[in-house]
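Working notes for the structure below.
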Amino acid sequence: MAFHSLLLLCLAGLLFVSEAGPVAHGGEDSKCPLMVKVLDAVRGRPAVNVDVKVFKKTEKQTWELFASGKTNDNGEIHELTSDDKFGEGLYKVEFDTISYWKALGVSPFHEYADVVFTANDAGHRHYTIAAQLSPYSFSTTAIVSNPTE
């Protein structure tokens, strides 16, 4: 039985990763340099209505709220920021996992899942941050691409 559960989880992960690639938002003048995608690994479908906050580290080494949103029916958030505002720096994406699971009647272990990353240090890039959630674990991955790809 454990083998079947593990197999289903792996298949859900493959589906998630295959659909987590960058989405075209108008070609070279794309206004979507940061996109978030969230999958509910327990139910095997997009995680809808997950609150997400993006913070940027300041010169004073504190985190300042940079952007926020809520995942749509596809488990995605587009247009969190624009190319002009998304400069080089250290960013943190915070997924509010406790609110998501409690709304489904589940008591989770984690309150938040955070992804901290350096953006645009090697030139301007577009980022897709993907998270796969379950009540007691989470995994993340990122797809980094040139805006013209």
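Any Cβ shown, glycine's included, is placed from N, Cα and C.
Residues or ranges marked as signal peptide in Swiss-Prot (evidence: sequence analysis): 1-20.
Cβ neighbour count for Cys32 (sulfocysteine) (all protein chains, 10 Å cutoff from its Cβ): 22. Under the three-state DSSP scheme, Cys32 (sulfocysteine) falls in the coil class. The sulfocysteine feature in Swiss-Prot is assigned to Cys32.
The number of other CB atoms found within 10 A of the CB of Glu76 (L-thyroxine binding site), across every protein chain shown, is 20. Look at Glu76 (L-thyroxine binding site): DSSP puts it in a strand. As annotated by Swiss-Prot, L-thyroxine binding site applies to Lys37, Glu76, Ser139, with the evidence given as similarity to another entry.
Spatially close to Glu64 (4-carboxyglutamate) yet at least six residues away along the chain are Phe55, Lys56, Lys57, Thr58, judged by Cβ distances under 8 angstroms. The feature 4-carboxyglutamate is assigned by Swiss-Prot to Glu64, with similarity to another entry given as support.
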Cβ atoms near Lys37 (L-thyroxine binding site) (within 10 Å, other residues, all chains): 25
Which of the three DSSP-derived classes (helix, strand, coil) applies to Glu64 (4-carboxyglutamate)? strand
